[in-house]
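Worksheet: one structure, shown below.
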Number of protein chains: 2
Amino acid sequence: MSDSPTNTLSSWVEVTKNSDFTIHNLPFGIFQNKKLSPRIGIAIGDKIVDLSILDQEGFFADMFLPGGVFLSGSLNDMIGLGKVITKKIRERVQDLLLVDNEKLRDHSARGKVMLHRKEATMLMPVKIGDYTDFYSSKEHATNVGKMFRDPENALLPNWKHLPVGYHGRASSIIPSGVPITRPKGQTKDPDGAPVFGPSKKLDFELELAFITGKSTKLGDSVSTADAEDYIFGFVLFNDWSARDIQAWEYVPLGPFLGKSFGSSISPWVVTLEALERFKVESPVQEPEVLDYLKCEKSHSFDINLEAHIQPENEKSSKVCTSNFKNMYWNVAQQLAHHTVNGCNINVGDMMASGTISGQEPDSFGSMLELSWNGENAVKLESGTERRFIEDGDTVIMKGFAEKNGIRVGFGEVKTTVLSAK
Amino acid sequence: MSDSPTNTLSSWVEVTKNSDFTIHNLPFGIFQNKKLSPRIGIAIGDKIVDLSILDQEGFFADMFLPGGVFLSGSLNDMIGLGKVITKKIRERVQDLLLVDNEKLRDHSARGKVMLHRKEATMLMPVKIGDYTDFYSSKEHATNVGKMFRDPENALLPNWKHLPVGYHGRASSIIPSGVPITRPKGQTKDPDGAPVFGPSKKLDFELELAFITGKSTKLGDSVSTADAEDYIFGFVLFNDWSARDIQAWEYVPLGPFLGKSFGSSISPWVVTLEALERFKVESPVQEPEVLDYLKCEKSHSFDINLEAHIQPENEKSSKVCTSNFKNMYWNVAQQLAHHTVNGCNINVGDMMASGTISGQEPDSFGSMLELSWNGENAVKLESGTERRFIEDGDTVIMKGFAEKNGIRVGFGEVKTTVLSAK
């Protein structure tokens, strides 16, 4: 039985109806607990498959993997084995989890191989080399342009010709669950004088990021046709932003301290293979793009995205419903553009989409857009209002794809904001 | 005998009059050759001291260093031992090299410990985590502002209030000697239409970069008073730039592909300790800066900098003479600003100064400024003219400090430009 677009598979592991971690997903992550050192696991339902134990028990013996490749604090070395191998690893686990396969189901080591996700702490899935953030949602770029530049010419002249992006700070990317501290910094007060203090306009940005799975040499480029060979998988990405710090610092060299205090990601890396069945046509690009940005195939994905705010001691409210298919520039174009000048990429680089906004006001992927730079309060279910993110708030992002009864999701990235030090 | 500002030391190793690598310098680097795997060395005169052999021979026995710390492909682990230890290592080597010290001079292993620099290939000195480029020369920022924005208001409003900087690409930083390929990319042709092809405005930028020597936790900041504890040393930095690609892409998120095709560094890391005696007063900052950017002491250095162009089959010509003391924002202010929002730094991060230009036209640190964006040809000694950098050209940057007969230099960063692929 194989995982084709028309087949719905089922597993001997219980997977509830709305679980993101179906047998069609099987994302990779790094986990640990008090007894277990950091290692690679695959999520299914409420469980984690400990690949290191599976390997010790001989389930990968015919694949001749490097010893201890799953006993690692990051996915980098495993990803570096190449897509042919990582696909085989994931397919092997999928096969072992199929409802009729007794090899693991009835194996004496099953109890050691499988643990409950609640018993594990998720760590950063990769050691990130370089991190890039794109700006690929037309709706987001238009909204920002309307607010801060010219409402009549919101998109800058280059925007439809190339996927605008910038280098971000890799060191401060943290996994879901790690709190973030409100940044302090320099802003301009209403009189125009620079002042120092905690940011008053702390914001989230709802994004997805891909993790590169293959390196290039300096001087080489990746075509749009080959780009997917270089993409291992995706995570949810909350690109925390301090709008007031950013507004004062960003001319002419771009965002710096307004972003570098932290970005949060979901810990389970959903592979490109798991998302394949959710591909949809990319938006029409007009004017026509230059040859190196043209695509033969689609590289857009129908992935539902949500952002929720949970004030301290209150329940959570959804404030945004968006979709990854809204992106004007797709991941193949982003990677082709990034490398067209010969810039080399390494396994474990992270490239985020930029805020993913749709056309409807409730699909805007940041408080900047939802509150229109603080002009309009966003009402939460509890009646509480928010213009930006307050101390004690928890921001939760979720993402999932669903088609023909098959669901593949990202889990969540959940981050509580602590007051400034 | 100790290395105080008033003492001139001499060594039993021959050091010629204009050598950058005096006994007062002793920079660290990573070298290898056909027989020797990558390892840490210290340069003196035309020689390298192989620290791994020195360690094997017991010269650091009393320091209880981790086994094999010098047998590494990067300085990171050694730097990570902390400044107390790395200072002791350098002082031990300085002591052993003193003219009257017979311990190494007359040791049977001396031949194994010392090798000629010509017999070694220099590699990247550090595995760079994140790379940041500042924009800290007032003259450079003013020149660029005059050319591309408003000649009457060349400096943007934020420039004198904070050290403007941006995140750069770490993966494409290469050591001296590795050629660079002319980047291709998207530019705007004179009619305003986007076109694709090799950059027509390839440029160098004359910079110095510091390497961080101590990590911080996310959320923590470094004060200007403590900043030097976090700086291990400096290298020359050539921030290659494709002006035409940069001009089209950089609004609103800053430089991206116009820079990320490569940056070149000198391979010997000159320690902060070696540069201490060359400190000079920092320029007066008017208007007064915010408290977190104020400095009790000086963190500016009198370091002569030069850029040379050597066209293929021609001799080399000096095109720029500048000085690191020209920087408006000093390294302590850069680091305090970078971390004031809680952004964490790691051992081996690289922070470059931005182009270091002086007030005189021959002190401008880029062809953009020297040729005033191609308006005026720069005449080389051979009679050849340059507006930007041509294929086959080699760009050489040098840097040295000199005071009371004591010289401490950086050697060079030398890079040949290959034609676009």
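Cβ atoms here come from the backbone N, Cα and C positions, even for glycine.
Mg(2+) binding, as stated in TrEMBL, involves B:Lys259, B:Ser263; the candidate among B:Asp239, B:Asp291 given for that site is B:Asp239. The Ca(2+) site recorded in TrEMBL includes B:Glu205, B:Glu207, B:Asp239, and the single candidate from B:Asp106, B:Asp130, B:Asp133 that the record places there is B:Asp133. Listed recorded positions B:His140, B:Gln246, B:Tyr250, B:Ser263 compared with chain A at a CB cut-off under 8 A give B:Tyr250 as the close ones. Put simply, of the recorded positions B:His140, B:Glu205, B:Asp239, B:Lys259, the one whose Cα is nearest the Cα of B:Tyr250 (substrate binding site) is B:Lys259. Annotation for B:Tyr135 (substrate binding site): same-chain Cβ neighbours under 8 Å, separated by at least 6 residues, are B:Ala141, B:Trp159, B:Pro163, B:Val164, B:Gly165, B:Tyr166, B:Gly354, B:Thr355. By the criterion of other Cβ atoms within 10 Å of the residue's own Cβ, the least surrounded of the recorded positions B:His140, B:Arg149, B:Lys259 is B:Arg149. In this structure the residues listed as binding substrate are B:Tyr135, B:Arg149, B:Gln246, B:Tyr250, B:Thr355; their two most distant Cα atoms lie 18 Å apart.
Using B:Ser263 (Mg(2+) binding site) as the reference Cα, a 10 A cut-off selects B:Asp239 from the recorded positions B:Asp133, B:His140, B:Arg149, B:Asp239, B:Gln246.
Taken residue by residue, the domain 'Fumarylacetoacetase N-terminal' (B:24-125) breaks down under DSSP into 39 helix, 21 strand, 42 coil. Closest to B:Asp133 (Ca(2+) binding site) in space, going by CA atoms and restricting to the recorded positions B:His140, B:Arg149, B:Gln246, B:Lys259, is B:Lys259.
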